[in-house]
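Contents: one structure, followed by commentary.
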Amino acid sequence: MTKITAAISAVGKYVPDYVLTNKELESYVDTNDEWITSRTGIKERRILKGEGLGTSFMAIKAAEDLIQKSNISPEEIDMVIVATATPDLPVAATAAYVASQIGAINAFSYDLQAACSSFLYGMSTASSYIESGRYKKVLLIGADKMSSIIDYNDRATCIIFGDGAGAALFEPNTEGFGLQDEFLRSDGVGRDFLRIEAGGSIMPPSLETVKANKHYVYQEGRTVFKYAVSNMADVSEKMLTRNNLKEEDIQWLVPHQANKRIIEATANRVGVGPEKVMMNIHKYGNTTSATLPLLLADYENQLKKGDNLIFAAFGGGFTWGAIYLKWAYNS
Ligand code: UT7
């Protein structure tokens, strides 16, 4: 029997129009363009403005972009996964609403939350459903409205994050393209260093939690940085060694966009030059679950059938990992 692999057959994206520059941030907190650029690589990010617009707004737009470009009919989609740390509502699955809005009337859908690793883990989930033969079209969307959980008085976090969404369609492939290998990890030690303290089951929302600013992202940047650098580099290197890949076999490194310095450290360990590293952190900042699919959409025109891609991510929890995928089409 021919082996079924899970290949990405189409991508789409959406970023909001509003551009939040380093200059504008200088008017909110004690920071400056030189510090932000040299410490993170970020020049600007996109922010979703507009009353009542949540993560689903961007997820729908990214999915519609993919559907329009790929010419598939939404009724053919079997499953919609929304990878997100900022769902529209605490309980009702954002994915269910997104699926209905895009016309995926035959799909079942749910959200997947693993902070900045959500999309990477979602790639594993989507691929497993395809490889099992149970479903034929799984739409994975990474979307986050980070501006909804950021304190714009906290210079340690407000300079980093932005809003956006990206989508990828997973389909069966019998030529060997698609996901080849994965190495995913987590360590609960991380929740002291990157989290939102209130609003969950440990500390439900109250007047006091709101007054104490406990509903915003808190990050101990230096500690997270150290874990991110070593873990992203370790797992990426592991993908190469256990698949007998040399630097010249890799066409693209697709790293989570948290900090340019983390990306460069990972690239150095893998041994690839900057021309092989996908990067858009300068224009979008860290969009959490959306960084990886936004990269795919931005670089789609440069990708060729058979290209070897190494994905790597690190995020809250801690959660992290790497995936080796063979690109399946020329655009
Ligand atoms: O995607 C999920 C995972 N997240 C990450 O991977 C993020 C990992 N962490 C980072 O990217 C970096 O730690 C940050 C970008 C958050 C911070 O950069 P850093 O080089 O680790 O800075 P730091 O926190 O060690 O602070 C260095 C100095 C401090 O001043 P002193 O104590 O040396 O006088 C800070 O107070 O920079 C100061 N500082 C700032 N200065 C200007 C901190 N934030 C700012 C700022 N503007 N926004």
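Using N, Cα and C of the backbone, Cβ positions are placed for all residues, glycine too.
TrEMBL lists 110-188 with the feature domain 'Beta-ketoacyl-[acyl-carrier-protein] synthase III N-terminal'. Annotated active site per TrEMBL: C116, H256, N286, in sequence order. According to TrEMBL, the feature domain 'Beta-ketoacyl-[acyl-carrier-protein] synthase III C-terminal' maps to 240-327. The region 'ACP-binding' annotation in TrEMBL covers 257-261.
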Intrachain neighbours beyond the region 'ACP-binding' (257-261), with Cβ under 8 angstroms and 6 or more residues off its ends: 39-42, 116, 160, 225, 228-229, 279-282, 284-287, 291, 294-295, 314-315
Same-chain residues at least 6 apart in sequence whose Cβ lies under 8 Å from N286 (active site): I42, C116, M146, I160, F161, G162, H256, Q257, A258, N259
Neighbour tally for H256 (active site), based on other Cβ positions within 10 Å of its Cβ: 28
For the domain 'Beta-ketoacyl-[acyl-carrier-protein] synthase III N-terminal' (110-188), residues assigned helix / strand / coil by DSSP: 23 helix, 34 strand, 22 coil
C116 (active site) CB neighbourhood, other CB atoms within 10 A: 30
